Amino acid sequence: MDYKDTLLLPKTTFPMRGNLPQNEPKKYKKWFSEHVYERMKQNRVGNDKFNLHDGPPYANGHIHIGHALNKILKDMIVKYYYFQGFDVRYTPGWDCHGLPIEQQVEKKIGREKKESLPKSKVRELCRQHAAKFIEIQKEEFQNLGVIGDWDNPYKTMDFEFEANIYKALAEIAKKGLLVERSKPVFWCMHDKTALAEAEVEYEDKEDYSIYVAFPLSNEAKSKLGIDNASIVIWTTTPWTLPANMGIALNPEEKYVLSEDGKIVAKELYENLKEAEVVSGEIVKEFDASELENLKAINPLNGRESVIILGEHVTMDGGTGCVHTAPGHGEEDYRVWLKYGFSEILQPVDDEGKYSNLIVTEKLLPEEFKGMHIFEANPKILDLLGDNLVKVSKFTHSYPHCWRCHNPVIFRATKQFFIAMDKEVNGDTLRHRALSEIEKVEFTPKTGKNRLSTMVANRPDWCISRQRDWGVPIAFFRNKDTGELIIDDEIIENVYEIFKVKGADAWYDLSIEELLPESKKEMASKLEKVNDILDVWFDSGSTWFAVLKNGPYDAGEYPANMYLEGSDQHRGWFQSSLLVSTSIEERAPYKSILTHGFTVDEKGEKMSKSKGNVVAPQEVSKKFGTEILRLWVATSDYSGDIKISDGILKQVAEQYRKIRNTIRFLLANVNDLEEIKLTNPSMIDRWILARSKEVFDEVVALFGKYDFSKAFNILNNFIVTELSAIYMDVCKDRLYCEPLNSEKRRNSQSTMAVIVKELISLLAPVLTYTMDEAVEHAPKVIKEDAKDVFDFVYTPLTAVENPIDEEILEIRRRFFEIVDRLKKEKVIKDTLELAIETNYDKLLVDEMADFFVVSLISDNIEGETLDEFHISDEQFVVKIKRSPLHKCPRCWRYLAEEEGALCERCEKAING
């Protein structure tokens with residue numbers, strides 16, 4: 001007789017294979033069409049709140065694997081809180097203004113045409129470009145399974161948003177923190193605009209290394225009592241020498257005169273002698289203070305160069321005498337101001353060419369006018385003649401524009417700054433920002449020191465840009481005096497106009513049209529500021545425009561979390577902190593989480609030229625988005641994160657095990673109508689206790705955002721305990737026990753309890769798969785849930801664990817022997833075996849099930865196949881063949897006769 005039809009075999013419509021690339025897009029489309037996010041909000045009304053404020057990606061180009069990592073991590077955290085019962089908010093957004101979009105428009109229509117168009121037309125083309133890529137990226141982000149307010153995302157180019165960026169600027173101006181002055185800033189000669197520190201990256205560049213002798217003035221030589229002397233400077237920027245105004249020395253150092261008449265730092269003398277910059281012995285020594293305020297002569301143009309002292313002068317290279325051009329260097333400028341000097345020479349125009357200033361101030365011969373500074377370098381060396389002591393070339397790390405990748409320079413121009421050290425109401429922005437950082441929770445903790453160090457050492461924030469596509473610094477200036485007009489009524493009027501017409505109104509409307517009725521008579525006396533805001537000010541104001549003032553349901557200010565790549569310590573985290581602290585005197589976030597960058601499996605940066613780029617769109621097509629999400633969850637994001645086909649295949653294998661576990665659990669509760677743990681067996685209590693321990697630990701780790709450690713623990717539990725032991729052990733009772741036997745129903749109830757919480761636990765990461773599981777789950781699991789978003793995680797009830805570590809160790813040792821017996825073809829199946837032992841712990845009901853053998857007893861006849869001792873040799877475990885016969889229904893060796901059913905199966909069939 002074939003007994004297969006008498007078995008209660010598992011049944012489920014949940015497929016073994018996910019066919020993720022084909023099925024995920026349909027599921028995601030369904031979620032968004034059914035407004036799942038709105039239902040999530042309704043499901044948690046009145047609960048504790050959590051909001052993650054989205055750092056806006058740039059609306060240009062397709063998303064890359066770094067975007068995917070970032071958005072998936074955000075989504076996992078938001079969903080973790082949701083499935084823990086929190087009322088969550090996540091409003092995605094886009095950064096829409098700025099140079100890269102302007103460059104793309106220029107690339108498309110040509111530079112000449114762009115420069116011939118009115119500003120409003122250029123801005124319209126930029127707006128169209130940004131809008132196109134917002135739609136492209138929106139679909140790509142949604143295809144990652146990211147849930148949020150996609151129906152009402154924030155865009156920094158929306159009219160009301162632009163108005164709020166302007167309002168944030170006005171608030172800062174009213175507090176007196178907006179200052180305008182000439183100051184050296186990073187300047188991109190290619191794009192003709194100022195740059196912030198965060199917009200500069202360092203690349204290798206070949207430059208000159210020159211030593212130049214500045215002869216001392218006659219007065220200086222007379223004061224020092226010497227006949228012939230020059231002070232020697234070292235520089236890598238010959239083009240700045242015409243703008244030299246001083247030479248800085250270290251106040252704590254000694255300076256010496258060589259036999260050949262050159263003054264350098266004493267500490268560097270031997271090195272310079274070896275390099276043939278100086279020669280002979282030291283003939284005289286000076287304190288730096290003896291040289292202070294003396295004059296040297298610039299050999300290029302005969303202008304005086306004053307000797308000053310500065311702490312910034314170091315002894316780690318050069319001559320200890322620093323060429324100082326305050327129009328072309330941040331430190332040069334600072335030390336120059338300390339001395340109270342007001343004049344600054346800055347003879348370079350927007351394009352990096354010498355201006356007419358070199359003629360009017362007699363800095364260089366007239367032939368240099370209009371010459372690019374880099375082209376001028378070798379010609380300047382020729383002009384130096386014998387004063388050029390030494391010249392060579394070398395490669396060093398040099399600042400470049402992060403967008404066009406051309407070298408940048410320091411150039412003093414009139415710009416708007418947010419003042420870091422200006423005292424307002426007895427405090428400075430720098431001090432307030434540093435105090436606020438102390439209140440923020442950082443993951444990883446190293447982020448706090450990193451952000452603090454950057455804020456402590458940063459210069460004033462240059463927020464003005466000389467471009468077209470951005471929010472204008474929409475203030476008026478008095479034509480006659482140049483004074484900036486910061487007037488509440490005018491600001492409010494411009495704000496209201498921007499809300500309706502956008503910031504384009506600044507360019508489209510006349511001054512009179514922009515003024516309120518009561519101020520229109522002022523129009524003829526005013527002019528507009530033409531600069532636009534740094535895009536970092538845009539993104540730094542998102543808390544103001546989204547959480548405080550805008551038409552968004554994005555959660556409260558300050559946000560519970562900001563989450564971005566570690567490069568944002570110098571970018572968005574800092575700009576947001578400075579804008580928020582300027583206006584509200586507090587940080588805009590309660591916590592900051594940072595992640596590393598994506599690299600290939602060798603740890604190398606991805607690039608098209610190397611052919612190692614992994615595109616998220618391709619991963620989704622080949623493996624499925626769930627594999628990408630599981631890759632994020634199982635990776636340690638605190639450092640760089642490796643990704644490759646090989647790594648994704650390993651993740652896919654892990655996914656398969658999780659999916660099959662869920663499938664097994666669902667299939668084996670298909671006929672369960674009610675979860676009822678009336679008298680759970682020892683094995684049920686063991687897995688419930690272990691599940692409680694593991695799930696609690698996983699939830700705690702999720703709460704610390706340590707997903708990789710949590711998944712390592714959870715995956716290990718699923719594979720080695722839930723699947724390899726419990727599910728395997730329970731097959732007999734599930735398939736062979738009578739339908740309603742207590743033993744079977746208790747195990748089914750145990751599985752139902754576990755799978756319900758496992759679904760809620762895995763849902764933040766494997767949302768698609770868990771939703772699919774709910775779709776195919778029986779009523780006892782699903783209850784009234786429409787989908788996975790109607791689930792909420794509930795901690796399991798504590799149960800005493802009846803199986804200790806010693807029993808598990810005995811089981812491990814037993815299965816090592818079983819594996820050997822199978823390899824040696826002594827047995828095919830553990831059910832052929834019986835265990836004879838004198839150890840009371842093993843002589844209990846169900847232990848045979850736990851060891852997957854037919855019988856455990858203290859006395860079993862027959863040959864011993866192997867044995868081992870436990871508990872200091874006191875007890876023995878003997879592995880024998882079962883003396884009984886194989887039951888043709890359950891395959892256990894418990895039948896009294898060959899071909900007969902065992903007692904349990906006889907009852908199951910015949911009652």
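Cβ coordinates come from backbone N, Cα and C, glycine included.
Values in this document were obtained by computation on a predicted structure and should not be read as measured data.
Summarised as a single figure, the pLDDT of the motif ''HIGH' region' (57-67) averages 92. Residues or ranges marked as motif ''HIGH' region' by Swiss-Prot: 57-67.
Using a 10 Å Cβ-Cβ cutoff, Glu564 (L-isoleucyl-5'-AMP binding site) registers 21 neighbours. Classification of Glu564 (L-isoleucyl-5'-AMP binding site) by DSSP places it within a strand. The L-isoleucyl-5'-AMP binding site feature in Swiss-Prot is assigned to Glu564; the stated evidence is sequence analysis.
Sequence annotations record features per position, and here Swiss-Prot assigns motif ''KMSKS' region' to 605-609. Within the chain carrying the motif ''KMSKS' region' (605-609), a Cβ under 8 angstroms from the stretch's Cβ atoms is held by residues 65, 597-599, all 6 or more beyond its ends.
Residue density at Lys608 (ATP binding site): 7 other Cβ atoms are found within 10 A of its Cβ, drawing on all protein chains shown. Sequence annotations record features per position, and here Swiss-Prot assigns ATP binding site to Lys608.
A coil conformation is recorded for Cys890 (Zn(2+) binding site) in the three-state DSSP classification, outside any helix or strand. The Zn(2+) binding site feature in Swiss-Prot is assigned to Cys887, Cys890, Cys902, Cys905.
Under a cutoff of 8 A between CB atoms, and with a sequence separation of 6+ in the same chain, the neighbours of Cys902 (Zn(2+) binding site) are Leu884, Cys887, Arg889, Cys890, Arg892, Leu894, Ala895.
The helix, strand and coil residue counts that DSSP assigns across the motif ''HIGH' region' (57-67) are 3 helix, 1 strand, 7 coil.
Sequence-distant contacts (6 or more apart, same chain, Cβ under 8 Å) of Cys905 (Zn(2+) binding site) comprise Tyr3, Cys736, Cys887, Arg889, Cys890.
Between the CA atoms of Lys608 (ATP binding site) and Glu564 (L-isoleucyl-5'-AMP binding site) there is a gap of 24 Å, rounded to the nearest whole number. Around the Cβ of Cys887 (Zn(2+) binding site), a 10 Å sphere holds 24 further Cβ atoms from the protein chains shown. Residues Cys736, Pro888, Arg889, Trp891, Arg892, Leu894, Ala895, Leu901, Glu903, Arg904, Glu906 surround the recorded Zn(2+) site, their Cβ atoms falling within 8 Å of the Cβ centroid of Cys887, Cys890, Cys902, Cys905, which are themselves excluded. Helix, strand and coil counts from DSSP across the motif ''KMSKS' region' (605-609) read 0 helix, 1 strand, 4 coil.
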